[in-house]
Amino acid sequence: MGKSDVDKISRKEFLELSGLALVGSTLGLQSLVSCESEKIHGKVVGANHAIGHLVKKAISLPIFQSKKTQVLIIGSGISGLVAGYYLQKAGITDYEILELENHIGGNATFGEDAVGRYPWAAHYLPIPSPENKILIDFLAENKIITGFDANGLPIYDEYSLCFHPEERLFVKGYWQEGLIPNLDISEEDKTQIEQFLAKMELFKHARGNDGKWAFTIPLAYSSADNAFTNFDKLTMKEWLAKEGFTSKALLWYINYCVLDDYGTPLSEVSAWAGIHYFASRKGNAANAKGNDVLTWSEGNGFLMKLLAKNQLKNIKTQRLVYQIEEKSDSVLVDVFDWKNEKRETYTANQVIWAIPQMLRPYLMPKQASEFVKRFSYSPWIVANLETKPFDSGRGQALSWDNVIYEGEGLGYILANHQNVNQGQKTWQLTYYKPLVREMPVEERKKAIEKTHENWLSEIIADLKKAHPKIEEAILKMDVKIWGHAMIRPTVGFIHGRERQMAQQSLNEKIHFAHSDLSGVSIFEEAFYHGYETAKKIIKNYANSNVDTLAKI
Amino acid sequence: MDKNATKIPFLLLFSVFLVATCGLIYELIAGTLASYLMGDSISQFSIIIGLYLFSMGIGSFCSKYFDENLLDWFIQIELLVGLVGGITSSILFIIFNSVESFQWILYGLISLTGIFVGLEIPLLMQILNQSNFGFKDIISKVFTFDYVGALLASILFPLVFMPKMGLIRTSFFFGILNTLVALLVLYHYSKELKYRTTLWLQAFFVFILLTLGFIFSDKILSWAEASTYDEKIIFAKTSPYQRIVLTRQDNNIKLFLNRNLQFSSFDEYRYHEALIHPLMTFTKNPEKILVLGGGDGMAVRELLKYTSIKSITLIDLDADMTNLFRKNEMLTRLNQNALNNIKVKVLNQDAFLWIKQNKILFDAIVIDFPDPNNFALGKLYSNTFYRELTHTLAPEGFIVVQSTSPFMAPKSYWCVNKTLQSVGFKTLPYHVYVPSFGDWGYVLASKQAFISRNVFQRNLRFMNDETFKQSQFFPKDMAQRATEINKLNNQILVQYFEEEWAKVM
Ligand SMILES: Cc1cc2nc3c(=O)[nH]c(=O)nc-3n(C[C@H](O)[C@H](O)[C@H](O)COP(=O)(O)OP(=O)(O)OC[C@H]3O[C@@H](n4cnc5c(N)ncnc54)[C@H](O)[C@@H]3O)c2cc1C
């Protein structure tokens, strides 16, 4: 690409490029708002307008450097890192990972200060099902699975299994154990909850006419049997109504679950996705229960570090990829090093796209990508609070996950829960809230306008329901806005055409890996897509070299 | 004496009587409180009495500066006596937890009360003197009522008020009496008073405050921890990790951490001999020893009886605790200065974190943590923690774990045993009777078989072969029972412990 290429970007295209501003990611350097309220300090890091300006700047500069690499991975979220991890395992070291932010990890990033580490988004991984062989192998390679017992059941590292007490729910002034409401509910509620769970248990063990699990993770291994995929044609709310589930407590619980995993309410999430939440996890372990989770103070940042540790030299941060162009035997990728304000161009044999699909029209304007319109993402906020120890309330003791019944947000997790030392003098709370009152676009706009003080008072008001005195205990609160946090599995999306189309590699040169391809935003799906793309590359890269393939 | 002299109004004499009674009561309360909270009742009482009388002297001296509006002043001071006297004991109880210079606040409040009371009688005498009363009559009547009041107070206080009302309520009660007198005088002489409105307002305010205090004194008491100890507190400090309280009754010193009894000097030798010496009979050649917890140094004291021991590393989280048992003379007498011995290295660190990173092997490990009554402590009894210990214990080494009471909490006790076994240790459970604790349990653990390699030392007061043999027998009511393994992800021991102790408490 020569200097004249600058002119190739029309004004219209530029405006489209500015659409990058909607990327859910945040520029660490240029946090949008950083205000400090009088009593409680902290900052808001959020969806950034700055990217549009960056692109403008980039295209005004001459190309500083042209580079060549075998494989270029765009995005250092879990999917990008997994791809790199397996490339390296197969002996392919000529690759680079480009990351927009000044830190790696995407939705698995974490924060760290004198008190300890805390997650900025993804914070746990449920024990995987035995079918998820690659993930189990990865965990074993990294000592999170320390061995297997006589029955072949994995033995998990005890520091990684979530410590007791795990979950509690605040209902009418009291913390009950577990998140399924059981306190002060009617007989009818109880019966419906039991019936619902029994139904989910059936789905959990159900197989389609193709012999596959009806619902499983990775989602791609699930059955294509219509008997089940038809659930994708109606909302979870409609399905529940059809099945006669009316209990307020039950509906609250299911809504809580789908918000937690998909950031999408009952009224929009497809019934297939809703059932998938309850029926897909079939984990087992020698030293844990099937529904136990793995967690660390830095959340999935812990897994992210394991993935990244042997490939740090392949990763370049503060690189905005703003244009990708397919050539006959290679791919040209335009990159802006925004820290040093340098424009770079890469020639790569193959590219792994480990960033959200919604960016396709902006980065590859020449490619047909109508289907991308079907990809819709929910905005979230995550707040990290540092507090003095406070009265944690009546009932079950302070737990890892603390949820308020009919609360505004999804409650908070205690980031320091997995510490083993005595006498913790500062607590770290990570508060989660999907923004679902209005449609994502409106919510995103509203979120960007809010100040630190706005968030603070909103969050405190929510937490006060359970902890009337929490305000006095808060030492600091930082808020992060995730503009496009999670793909939304709305009706028809998971079993629709668009999702399939998006997964097609382009001429065996550009491969797609981001977790949004699953329609379900979880670690396992990011892992699956990262691994699958690595496999494709390895196959293309050394088609004849069977050994390489055998290695992974 | 002038025959025509008007009779001294009864109301004023009655106030003398009450002022005297209340004054003495405040003094007695202060003395009781001081000796109760700080121990050493003889010196505390004598300091308080001296200080109080001296302050009264100051008050009397100051009375000469009052010339005008004497009745106003009299009421004003009466109200102040009521207020300060009434709330002193609550203040002292509440701040005792948190204040370092507790004594000085105590002495300050006592002096203040003394000064006010000291002002009252001379002021009253002046008032009477300005009227037409005979001087002799004034002196005789005033002092008669004064001393009668004092007698009444000193008899009623120990017999009626202390047992019936307790310290805090008694204070409020007399504060209210004081205020009532002020109100009566106010009412009676209202016309003669210059600052009547202010005084009325003040009087009502004080009255309401004290009445509320009287009503809610139970609440106040429950905030104030001091009332939960039966014995006199001789030391109290809130360290970053726990509340350390030492009490003393005669020669018996007790240590409480977060209100849980840790030892009683009267029978701790039983506990500590049982903790250390069986372990030492199994350990072949004990040279390097690790002690986890046990910041009081008593376990180390027992260990130092073995000349083969070259070094003892003690890990205790709380520097306040180890410093106390290193520096306080009364306590170093108890642990025979063990923590200052050159063989002993004290590290104020978190035991779990320390063990996780430690690379040194020890011949024996003594684990003397507080009972698993919360999730943080429960982690120190988990299979994960015990597994970490296997990397710290020499292959030939032995461990002993204090494991709560197999009588009060049998499931908890056997759960510790089972958890130790679950990580590959052979165990040997035993228990002894420690009067101030009850029947107390320990578990020995090792990868080796339990073959006695050394004999018990002769100079012990409690432990010997016979006793140890007996202690390995568990009667039916505390016999081994099936339990789960305590893990970080089930914290089952804390659950057992809570259930079992809830039953007996
Ligand atoms: C609030 C929240 C909580 C979550 N909690 C959990 C949880 O507990 N468990 C769980 O399993 N999952 C959770 N998730 C889902 C999480 O998204 C996935 O687990 C996983 O981390 C997604 O990884 P990814 O690689 O697919 O995408 P991402 O993490 O989105 O990675 C994409 C990366 O690409 C970068 N990038 C984007 N555009 C460009 C560009 N133009 N140029 C260069 N780089 C670019 C981004 O900065 C980012 O680093 C949570 C998500 C959110 C938002």
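Glycine is no exception: its Cβ is also placed from the backbone N, Cα and C atoms.
According to TrEMBL, B:GLN242, B:ASP350, B:ALA351 bind S-methyl-5'-thioadenosine; the candidate from B:ASP146, B:ASP296, B:ASP316, B:ASP439 that the record adds to this site is B:ASP316.
No contact links the transmembrane segment (B:199-217) to the transmembrane segment (B:102-121), because fewer than 3 Cβ pairs that are 6 or more residues apart lie under 8 A.
Comparing CA positions across the recorded positions B:GLN242, B:ASP350, B:ASP368, the one lying closest to B:ASP296 (spermidine binding site) turns out to be B:ASP368. Straight-line distance linking the Cα atoms of B:HIS272 (spermidine binding site) and B:ASP368 (active site, proton acceptor), rounded to a whole number, equals 10 Å.
Contact count against the transmembrane segment (B:142-161) (Cβ pairs under 8 Å) is highest for B:12-36, out of B:12-36, B:42-61, B:73-96, B:102-121. Annotated pair B:ASP350 (S-methyl-5'-thioadenosine binding site) and B:ASP368 (active site, proton acceptor), C-alpha to C-alpha distance, rounded: 14 Å. The stretch in closest packing with the transmembrane segment (B:42-61), judged by the count of Cβ pairs under 8 Å and taken from B:12-36, B:73-96, B:102-121, is B:102-121. When the Cα atoms are compared, B:ALA351 (S-methyl-5'-thioadenosine binding site) and B:ASP368 (active site, proton acceptor) turn out to be 11 Å apart. Taking 8 Å as the upper bound (exclusive) on CB-CB distance to chain A, the binding-site residues B:HIS272, B:ASP296, B:ASP316, B:ASP350 give B:ASP350 in sequence order. A mean pLDDT of 92 is what the model gives for the domain 'PABS' (B:198-447).
The distance from the Cα of B:ASP316 (S-methyl-5'-thioadenosine binding site) to the Cα of B:ASP368 (active site, proton acceptor) comes to 10 Å.
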